[in-house]
Amino acid sequence: SLPLHVLAHPQPSTSTSLAGRAGAVDLNEFRVAHRSSYASHDEMKKLPSIASFRQGTYLEVATELVKQTMPNMEFRLVDDHYVGDSGIGHVRFRQTMHGIDIDNSDFNVNVGKDGKILSHGNSFYTGPAPASNPMIKRDFIDPMQALNGVRKALNLPVKADGAHVENMSEHKVMFKGTSGALSDPTAKLCYMAKEDGSLALTWRVETDIGDNWLLSYMDAKESSKVHNVVDYVAHATFQVYKWGLADPTEGKRDILTNPWNLKTSPLTWLADGKTNFTATRGNNAIAQYNPDGGNDYENNYRPSPKNLKFEYPYSPDMNPPKTYIDASVTQLFYTSNVCHDLYYMLGFNEKAGNFQVNNRGQGGKGNDYVILNAQDGSGTNNANFATPPDGQPGRMRAYIWTRANPPRDASFEAGTIIHEYTHGLSNRLCGGPANSRCLNALESGGMGEGWGDFYATAVRLKPNDTRKTNYVKGGWVNNSPKGVRMYPYSTDMNVNPLVYTSNNKLNEVHAIGTVWCTMLYEVLWNLIDKHGKNDGPVPVFENGVPNDGKYLAMKLVMDGMAIQPCNPNFVQARDAILDADMNLTKGANKCEIWKGFAKRGLGVGAKFDPKNRTG
């Protein structure tokens, strides 16, 4: 299986380290470097050769572009191409060398509704090629040496004494007989394009150890050198805080009858097309109590009430937390399912790689609901989400927060759960459903956090809110009026002074994500001021376009995720949102989008340089 991405820790730490172990390694030292370029719609219009492309299917047009742009390059088509609900054909290619993948060298092409190329992203390697196929002489370390090298270099709690190797394909093996990982580790021989412009032959060792699901690129010539590490974890009736209430301070719980949307969950939330369930389990998610933090979720406790009445007592004053576990699991199940349904309406459907057991013949890969662990015992004061490629379940862990007395349960802070679920959204869309490794550079990883905050904030907007309304992230669960971010989200520069060049002094993804969400908050209010705000729980579409500013912003940001290149920077992600608007509305909101970004230093003159961004 391809690696996942555990992202989504809403509470920042001083470093991104391997969770829960003394002497843990700082994974920031192994982040993937930014290598992508992005040719926007405006740039594509300036290329006469593109306009003369022969007409064909969107796959043929995309393939022809790669052949012309990167002549004599070896590449393969990734099998996750699809046409999104906005009419854009998304096609991705992986560069190969001697038949071996270059794992961080991708080319994504976006073909518009008119059959012409809208934009493309490119991180193909253009340096010197290895003279010979390494498979001929096999002059590289064996995979077991690579696994042991990764274990030692990253201080992993995986034991391999007595383990053996089983071949899965020509370039991939599985390790049987290990202990300490939640599933059998694997290793795949691949190249990695390095920051210095050279190419390294590596073993990509995949280890799922719970709070971290790692893809570690061990040098295939020396077993003590790790080049990069990708972490997939960036950590009836229902009585619940209904959608739009961010936490228990914003309202009371209601009893909702059949709260699912049959257009987006036609099997309901309590069935998968084969079985009708009476517990918190269905096509989109499976939720349970997980006090030991383990991986055996199937047999864990989950509420299964008579007559499907998921109605349980809860108040924030109850203690200890396990006394209200039924209410906690129910709330987590509800919020995550509403996320599924709303994101489906906005374009995160089966073809785009969403999370469902049964895709009902609508495309994509099934068997991948979200595993929802309430009151997970593997940590406190946090939450995380692991996003493997399409076809493998996502995994969310919601923890108890100990900053208040009595402790508070993350399941009841919708902003935290929406933030986590959005990690699944952004990791499946950026780079395509088959590649969950495209938000691992520092700036792209920061945007992953920012998108989570953006959707959580947009959802909680109230009818009387204006552009003068400020919001903090994580205030209730952290028992802090300031929340867990540097500044509130605000359009007032005196309340939140963050601009693009602020990133020059930031080296942590949650901090960088705060800058990104601040920019999106500006765009959000520009669009609301132009188009109004729909305060209902679902968007209203006219010719495929949300007819209000709030849902339009959410739609354009989501479309931009699928358009942008792998591991984008802020400038490229901004351009992808502009291109999304060009495709959806013919650029009707170009000025509002530009003004929002420009106010925060990401205008026309903004330049990305990891050490000296300018704006």
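Glycine too: its Cβ is placed from the backbone N, Cα and C atoms.
Keep in mind that this is a model prediction, so the values were computed, not measured.
Between Asn167, Asn276, the residue that has N-linked glycosylation site written against it in Swiss-Prot is Asn276.
If you compare Asn464, Asn478 in Swiss-Prot, the N-linked glycosylation site annotation sits on Asn464. Taking the Cβ of Asn464 (N-linked glycosylation site) as centre and 10 Å as the limit, one finds 7 other Cβ atoms among all the protein chains shown.
For the glycosylation sites Asn276, Asn583, Asn612, counting C-beta atoms within 10 A of each C-beta gives the highest total at Asn583. Comparing C-alpha positions, Asn612 (N-linked glycosylation site) sits nearest to His423 among the recorded positions Asn276, Glu420, His423, Asn464, Asn583. When the neighbouring Cβ atoms lying within 10 Å are counted for each of the binding-site residues (His419, His423), the highest count belongs to His423. Ranking the recorded positions His419, Glu420, His423 by Cα distance from Asn464 (N-linked glycosylation site) puts His419 first.
Between Asn583 (N-linked glycosylation site) and His423 (Zn(2+) binding site), the C-alpha separation comes to 24 Å. In this structure the C-alpha atoms belonging to Glu420 (active site) and Asn276 (N-linked glycosylation site) are separated by 27 Å.
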